[in-house]
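Okay, handing you the structure first.
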C-alpha cells in the first residue's frame, strides 16, 4: 500500500505543475490565487511523499477536486486550456480517492462531490449547458466504480494464486520433511554400517583383525556409544571420528599423511560447510577400513589439499584394486558415494584389477555449490504478478472503453462521427487481448496495439476538432486503452519505449499542425497527450511497485516458510530414533557391551558366531531403503519379531513408500499376522512393490490367518497348496489411505509368480 501512496502522491504533485501552467496561460497574473493553491497542494503531496507515516493524505483528493472546480469558475470559458486541465484534475482526484482512501464511504463521498460540482456549474455557469455537468457526474461514477469493482477481481486472482502457492508450499513441506527424515535415516544407517556392522563382521571373521584384544574392546566401546545414540532422542548421530586427525590413527595398514599441515587444514575447514566436513571424515574412514579389509596394500597414502579454494582429500593404496563396479547396498555405494550425494561433496573412484585404488573427495567452499532454491518460487511470483498485470490492464481497457461508450451515447462532441470508429477499435483491442491464448504478444500484436493507440488518440482529437470545439469532451484517456494492454502484455521494455515514443511523437506532430490554426487547440492537444502519457507512466510505475512489493513479500514469506519447514524437518528427524528402537538393537548393544567389558572373549567361537548373526541382522536392517519414510519404520518390527521367534523372514521392498503412516501400519500388520500364525523354523517371503493402484504385498508360504483376522480388514482369501506348490497371498494397498487392503486372486506360486 505504501507504493500505491507514493505513486499517487508523485503523480498529484506533477499534475499540479500542469495546472499552474494552464492557469497562467488562461488567466495571466489574475491566476495568482489558483496558482498558490496548486503549488501548496503540490508541496504537501511531496512532503507527504517524504514523510509517509506522519502526513495524512485522505483529504488530498478532496482538495484536488475543489481546486478543479475553482478552475472552472475562475476561467468561465469552456474552451480554455484551464477548463480542459481542470476536467482532468477532477478525474485524477477521483482516481486518487479510490487508491488512497480505503473506506466504504469513499464511493458515496466521490458521488456526492461530483454531484456538488455539477450543481455548482449549473448555478454559476448556466451558459455552459447541462452536458458538461452530467458528464462530470457520469465520469466520476464510472471511475470510482471501475476502481471498486475491478479491485475484487484482482484480489480474487491474487487469492487464487495465493491458494495455489500455499498448496505448493505444503507439498514442498511434505517433500522437505520426507527428504530430511530420509537423509537422517540414510546417514544413521551409514554410521551403523561403518561402526557396529564392520566391527561385528571383523570379529565374526576372526583372524588378524582381532589379534589385539584391547583394541577390539576399545572399538566395541566406541560402537556401543553409537548404538546408544541411535536409540536415543537426538537429531545427530555420534560419528566415530569428526576430525581427520583420528583417521591417521586407524590401526591396520600403515598410513602415510601427505599435503597440508594442521594449521592449513583448519583454515580450509572453516571455509567448507560443516555437513560436508563431517561427511568427508566419515567417508574417508570407510575408505581406510575397506582398504584394510580388501586391498592387501603395503601402505595407504592420505593427501589433504586445498585446490582452488576447495577441500580435497585423496586416499590411495597400492593394493589389488578391483573392476570398479560398486554393488548397491555395500560400503562404497552407501558410505562413500551416497554420503557424498547427501552431504554436498564429490566422490571420484579410480581403480582397476592389480592397479590399486584411489578415491578423491572434494568439497567446495560455502556458497559454491548452492543453487537458487528460490528460483522456482521466484518464477511463480513473477508469473502471479504478470497475471495480475494482465488482468488489471484488461479491466482498465474494458472500463475506459465502457466510459467512452457512455460519453458517446450521452451526446458528447463528436465531429466527423470520429467517436464511433474509436470505440469500435478500442473494443476490438479488448476482445483480441481477452481471446489470445499465448503468454507473450507476438511482434505483429505489438505493432497493432501501437498503431491502435495512435489512431484512437487521433480519432479522439478529431471528435473535438483537435481541441478547438468542445475540448472539455475530449476523451484523452481513450488512447490508454490499447496502450495499457501493451504495457500489460509481458512485452520487452524496448517495445514499450518504442510504442511510447511513437505515441509521443504523434502528439507533438499533431500539436504542431494545429498550432498555426489555434494556439489554444495546440496546447490542448499537448495536454491531452500529456494526460494519457502521464497516466500510462503512473500505471507502469505502479505495476513496477506491485512487482517489487510482490517479490519482497514473497521473499519474506519464503524465509518464514523455510524456517518453519526446517523446524518441521528437524522435529521429524528427531523421531528417526524410533525406527532403530523398533528394529531391536538391544541384542547388538548387549553383545558389544559384553565384549567391551571383557565378559565375552572376541576370539571365542560362540562369540564369533553371535557376532556373525548380529552382523547379518543389522545388514538386513540397513537394506530397508531410507526413502521409505513410512513403510520402513513400520516393517522393522516384523523383522525383530521374526528374529525373536526363530522365523526366517525374507523382506523385499520396492522404492515406493506407503501413502501415509496408517497405510504403512496396515501393511506391517498384515505381515505380522502371518508371522504370529507361523511356527519357529518357518520361512516366509514378504515383498511389497508398487503397482498402478498402490502397493502390492505378496506373502509366500505364509500360513492361513487366524479366525476373524480377515474380516478386520475386509479381506477374504484362501491358500492353495499341493505337491510341489507354495501358497501365495496377495493384497493391494491403495495409493490413498482407505479402510484396508484390496484382495486379489490367489494361486500356486508356479502360476502366479515367475
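Just so you know, glycine gets a Cβ as well, placed from its N, Cα and C.
Found this in TrEMBL, in case it helps:
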type: TRANSMEM; residues: 32-50; note: transmembrane segment
type: TRANSMEM; residues: 57-75; note: transmembrane segment
type: TRANSMEM; residues: 81-102; note: transmembrane segment
type: TRANSMEM; residues: 109-126; note: transmembrane segment
type: TRANSMEM; residues: 132-151; note: transmembrane segment
type: TRANSMEM; residues: 393-411; note: transmembrane segment
type: TRANSMEM; residues: 417-436; note: transmembrane segment
type: TRANSMEM; residues: 443-466; note: transmembrane segment
type: TRANSMEM; residues: 472-488; note: transmembrane segment
type: TRANSMEM; residues: 495-515; note: transmembrane segment
type: TRANSMEM; residues: 521-540; note: transmembrane segment
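Help me picture these features in the structure, burial and contacts included.
With a threshold of 8 Å between CB atoms, the same-chain residues lying at least 6 positions outside the transmembrane segment (81-102) that come near it are 1, 4-5, 8, 11-12, 15, 18-19, 22-23, 25-27, 31, 57-58, 60-62, 64-65, 67-69, 71-72, 74-75, 109-110, 114, 117, 136, 139-140, 143-144, 147-148, 467, 471-472, 474, 476-477, 520, 523-524, 527-528, 531.
Residues 62, 65, 68-69, 72-73, 76, 78, 90, 94, 97-98, 101, 132-134, 136-137, 139-141, 143-144 of the same chain lie 6 or more positions beyond the ends of the transmembrane segment (109-126) yet place their CB under 8 Å from a CB of it.
Below 8 angstroms of C-beta separation, residues 78, 87, 90-91, 94-95, 97-99, 106-107, 110-111, 113-115, 117-119, 121-122, 392, 395-396, 399, 402-403, 406-407, 410, 412, 472-473 of the same chain, each at least six residues beyond the ends of the transmembrane segment (132-151), sit close to that stretch.
Note on the transmembrane segment (472-488): residues 78-79, 83-84, 87-88, 91, 131-132, 135, 389-390, 392-394, 396-397, 400-401, 403-404, 407, 412-413, 419, 422, 425-426, 429-430, 433, 441, 446, 449-450, 452-454, 456-457, 459-461, 463-464, 495-496, 499-500, 503, 524, 527-529, 531-532, 535-536, 539-540, 543 of its chain, located 6 or more positions outside it, place their CB under 8 angstroms from a CB of the stretch.
When Cβ-Cβ distances below 8 Å are used as the criterion, the transmembrane segment (495-515) is approached by residues 446, 449-450, 453-454, 457-458, 461, 466-468, 479, 483, 486-487, 521-523, 525-526, 528-530, 532-533, 536, 540 of the same chain, each at least six residues removed from its ends.
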Report, as numbers and ranges, every residue of the chain located at least six residues beyond the transmembrane segment (521-540) whose Cβ falls under 8 Å of a Cβ in that stretch; write 'none' if there are none.
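Sequence-distant neighbours of the transmembrane segment (521-540): 7-8, 10-11, 14-15, 18, 22, 25, 81, 84-85, 88, 396, 457, 460-461, 465-468, 471, 474, 476-477, 479-480, 483-484, 487, 496, 500, 503-504, 507-508, 510-512, 514-515.
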When you check the transmembrane segment (393-411) against the transmembrane segment (417-436), do you get at least 3 Cβ pairs under 8 Å, counting only pairs 6 or more apart in sequence?
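In this chain the transmembrane segment (393-411) contacts the transmembrane segment (417-436) - 3 or more Cβ pairs sit under 8 Å.
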